[in-house]
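Single-structure report; data block below.
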Amino acid sequence: MVPTGQVAEKQAYEEPRQDHELKSWRCLVFYLCFFGFMAQLRPGESFITPFLLERKFTKEQVTNEIIPMLPYSHLAVLVPVFLLTDYLRYKPVLVLQCLSFVCVWLLLLLGTSVVHMQLMEVFYSVTMAARIAYSSYIFSLVHPSRYQRMASYSRAAVLLGVFISSVLGQALVTVGHISTYTLNCVSLGFILFSLVLSLFLKRPKRSLFFNRSTLARGALPCELDQMHPGPDRPETRKLDRMLGTCRDSFLVRMLSELVENARQPQLRLWCLWWVFNSSGYYLITYYVHVLWRSTDSSLSYNGAVDAASTLLSAITSFSAGFLSIRWTLWSKLVIAGVIAIQASLVFCMFQIRDIWVCYVTFVLFRGAYQFLVPIATFQIASSLSKELCALVFGINTFLATALKTCITLVVSDKRGLGLQVRDQFRIYFIYFLMLSITCFAWAGLDGLRYCQRGRHQPLAQAQELRSPLETSVQAISLQDGDLRGPQPSAPQLLSEDGMEDDRGDLRVEAKA
């Protein structure tokens, strides 16, 4: 039994230490959120299309030569940047992202040829691939019990930065009557400031895959053999250790877990939604500003529309967290309904030649997509570990990028069909329409099977009737570190489609 004096002395030692850790954590959170906010302040981003057209680039060059370079280069750099992000422990990739933004705006301001603008797209693809570094970085520095709060803080900072940036850009153009060139110079100033901030970020000591702690890795069978060697011969023990290392390596275990979890219908469904819907979504955002320009070149409320769509996206994604339905039964029908709404909005965009209709339909289109993003995130993560969740999101992002690259090559690139922007939107309308019909048919078949049984389907998971928000709150109490344990509160390593990427949405809209 510990003497009372020693207990009091230990408590007196622990209390200042805990206060110091709490103060340090708060300072770190504030600095990270401030960096996330400042990194989004690029008010000229919503007006890049008018700027390019003022620089005497034609609509055909922007549509069929400049923009297609973005998905091509994004596909090329996505996997290397993803691996470097974890291997270098996040901070160097955040600095690289800021440097790439500097190169983007220098080329935008100083470039004079299509090749310069294509090179600008290459640098911007690096910034798109590096977005995962911020969302991964903030979770590597805090205890798992603070994941939920960190997700909300960082997400709020990013959304606020996107909203303020769009409002500021629109105000400077409409009220201040400044030129788009000056607006891009202001953006470059903000980017340089965010670059300075990135240099003072704290570098984590661990990461998710390559720099895992000893406790997270655990003792492998070969390590146990070394501690308790058997009577076998040295050569046999060495061979067994090598085979055990390969068999029980972290990557092999993750892949085996992925194959096992791929049998879950809900996981397959939402991964398919992520790949196919996000591809169409980003194709729309790539080219929507060109569509606006071709509809009415006298009005330019790009910043206001971006701000409104960001606000609506935040509202719809937040409200989705409180939606409580039986997802095993209704997922396909909800997805089909939302995609049908998206298809009708895309139809209105290219068919009704009114700029205000184009503005409103795009705001609604973006809000509809962001409504399903948090639902998909929690449905995918509901039975996956933190590491496996990151791997699945990475695979989904890669497949979505590959799909939109193929569509771009066929539809947009001058080496393919080279369609004008309005004809492209017809293709995208057919794309969403076919997705909707497929999901409705899929839901109908499930409904027929359900009716034939004449009884309720058993719930696949205990949290089926809960909302994603309730699911994530429950997951906070789960143990962090077991590869097989469900951890839906895992870091939101959303590469391109979650709310962490909202700034990227505005950029590709502006570039389009």
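Sequential numbering from 1, following the chain as shown.
Backbone N, Cα and C define each Cβ position, glycine as well.
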Same side of the membrane, Glu54 and Leu419, by Swiss-Prot annotation = yes
Which residue among Ser46, Ser294, Ser472 does Swiss-Prot mark as phosphoserine?
-> Ser472
Record feature phosphoserine (Swiss-Prot), assigned residue among Ser140, Ser145, Ser383, Ser477 = Ser477
Reported in the order helix, strand, coil, what are the DSSP residue counts of the topological domain 'Cytoplasmic' (86-89)?
-> 2 helix, 0 strand, 2 coil
Considering all pairs of residues in Ile48, Thr49, Glu121, Arg131, Val162, Tyr281, Tyr282, Tyr286, Arg366, Gln370, annotated in the record as contacting folate, what is the maximal C-alpha distance expressed in whole angstrom?
-> 25
Mind giving me a neighbour count for Arg366 (folate binding site)? Other Cβ atoms within 10 Å of its Cβ, every protein chain shown.
-> 28
Ile48 (folate binding site), number of other Cβ atoms within 10 Å = 29
Residue list, the transmembrane segment (30-50) vs rest of chain: Cβ under 8 Å, 6 or more residues beyond ends.
-> 62, 97-98, 101, 105, 108, 134, 137-138, 141, 153-154, 156-158, 160-162, 164-166, 168-170, 172-173, 180, 183-187, 190-191, 193-194, 197-198, 200-201, 289-290, 292-293, 300, 302-303, 305-306, 503, 506-507, 509-512
Fewest other Cβ atoms within 10 Å: which of the binding-site residues Glu121, Val162 wins that one? Let me know.
-> Glu121
